[in-house]
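Below is one structure, written out as structure tokens; the observations come after it.
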Ligand code: GDD
Ligand code: MN
């Protein structure tokens, strides 16, 4: 074989003889190769050892005399004198076994691959004899590299490549990880890389030269390769500026809170002051090289965007520390500032002042954006699942969990089970209630990622998760606990297993299909649409039809049925009430063409850009289907998106749908939408426009979420709570209801029975936020013969109540005779008083909402039952 073997050395005297003896005793290498040993001024006599070999064998010594030893520089010097076109690199300490050399070099020599890597992290490879911390460090390093490079062992020191690639390495390449540099030279056109498993053995002689500074240099190199700007120079200046900024920030914040300003006003004002200061200094000083000198609008607007993100996140963290952890405001500001600094720094390095010469590939940019944004979304969710008060829907499902059952009237039980589990683990609080939603959000991301990986590639998969994180239905599903949270996760999981079963022909995957589908249908019946789609796919696709003659799909159906059996049992026990409810709800024909509304709903669920992107993605898979390219994949995407979509379209012809129903069906198409984002050049003008449009769309959606959540918890200075005043702030409203109840008790000597005058919202929210002992007795409006979903089961008709009655409503109409809930209201009450209202304030005096209530002396009983169908025996 004709190749040059480069061996860098630094104080390896004891290893030279055993290494070279072992290499020259190999038969499979032939005798046409040369060995170039690049020594970095070793002090232990290494060069002398090498010179002895030089006389008798094809060994060359390159003696470096640089003022600093450097591995990468050594290898580059070695390559410069190499005679052959193929170059291999290995360590001198026998960690890499010479027996693997032939296998490593052969594929590059044959021009089947551009680079081959001796890999510790693929099946068959391992590391022997390293202490735990080294193993861990190496793993962590490899894991970080995987964000930008699809190789399992990008930090290996044992590899072979075609010599010409060395010229593509950036001039400033330093340190240990020359391989990573090489791998990234591909830019937008991927290199052909092969990994060959190796056993890495710890050295017997001498010591490792790897030190902390190498690890830091590696991190720095990663950031640069990822398209960021970082140098210790920049970082330290940034830190100095930031440090000064913190003083300004803290000073103004403490002063304002001292003056009685609200948390929001104080932190936003101090942020703006500190950020203006930071930007001026950073652009003039820290990132000066990357700054044109005069004000650039593009750069300034990017700076503003990063700043607003950082500020909104810090509000969340402040609220979390102060409200959830009860940390004093003056201390809470410090961790909040640290979080701000991290967002600001990463935002500056990658977005405001990115590396431009040479710029990272678009692909890498999207990867980094995906990681940053998905991380931001997860953090935002993690904070707000504790901080934000429950919306009434969530409180209602929490009520489910207080009445644990096999199923429920208006939904299957998964949402209740999740809440039960979450509150059992984490206690009676918002975090416990929403833990299941948060977990579902992560599970959905995981399955979508692997699904997209299987359909396309890793970059596409990362962008898919990015899209899931930012489209409204995806963002909300990981935050609020509703049946849609587990539904989205199960939908993604079912798709993943179906793809494995139907396209990859893995029979094992059918078990996954059964379990995921069973869990999904326990979450929400909409998932059944995937079942229909699967059936259609099997019938249409000739290859998949084979499964009809195999037991696996039937087993999957059986598993799903067993999982679903609680719902069936509940329905048998309850006269098929929930099936009846669901079929009448879906079947209610309004004869009202609502297709235009459906389109609007999709534009809301996916964002407008998402809607257009979805249309293009569908067109693109249809085209590839017609042109017989990757037919089965295209068919899979068309059917698993098209069938549920068609069902909704047909349904919309007959009447309006609930706006969030279409959400999960896009999971099958998101990978294609994500794939198109990366394929800028292959498509026509419109698609290019679309790709450009995603960027602002992503930013706008994220800003909107962060803004709304900030508004709902800390508030936004100058913006009154006009938009949430009916359905929200039940924590404070409940405290007021308990106060009214106490007042009644003082006058009459009896505690009132509280009746929430809405289907379930008011009663559930009051129950969740109730604090009094014993807890308030709460009923819902089914007392007046009105529909009240599960409340009709939990509290079936009362004969009469000889206690005061306190009616509570979100709007005055709900307490009136003529409005909902029907004329029964006043007939059934003893001496009802007039409708009253109270304004609800936050602890700091901000007006939150109005609460409407009405007091009566008693309840006459439900002699007239207007809603027979709902009352169980
Ligand atoms: N010329 C030169 N200059 N050679 C050096 C230098 C240097 O600055 N530093 C180290 N070497 C040589 C060593 O003499 C040895 O032959 C080889 O490079 C690897 O150095 P070690 O000090 O043995 O590294 P390690 O065993 O801790 O690290 C190994 O695993 C890493 C993966 O975690 C190496 O294979 C690394 O390349 C690899 O990245
Ligand atoms: Mn070593």
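Cβ coordinates come from backbone N, Cα and C, glycine included.
TrEMBL: automatically predicted annotations, no manual curation.
In TrEMBL, the feature transmembrane segment is placed on 238-257, out of the ranges 218-237, 238-257, 398-417. Feature transmembrane segment, per TrEMBL, maps to range 365-387 of the set 181-203, 365-387, 733-755.
Per TrEMBL, the stretch carrying the note transmembrane segment among 598-622, 773-797, 798-822 is 598-622. Looking at the stretches 147-169, 331-353, the one that TrEMBL records under the feature transmembrane segment is 331-353. Residues 264, 305, 308-309, 312-313, 315-316, 369, 373, 376-377, 380, 384, 388-389, 466, 470-472, 475, 607-610, 612-613, 616, 676-677, 680, 719, 724, 728 of the same chain lie 6+ residues outside the transmembrane segment (689-712) yet bring a C-beta within less than 8 angstroms of a C-beta in it. Fewer than three CB pairs closer than 8 A are found between the transmembrane segment (303-325) and the transmembrane segment (634-653), and contact between the two stretches is not assigned (pairs 6 or more residues apart). Tertiary neighbourhood of the transmembrane segment (659-677): same-chain residues 366, 444, 448, 451-452, 455-456, 460-461, 463-464, 466-468, 471, 473-474, 477, 484, 487-488, 491-492, 495, 526-527, 529, 598, 601-602, 604-606, 610, 613-614, 616-618, 620-621, 636-637, 640-641, 644-645, 648, 683, 687, 690-691, 694, selected by CB-CB distance under 8 Å and a gap of 6+ residues from either end.
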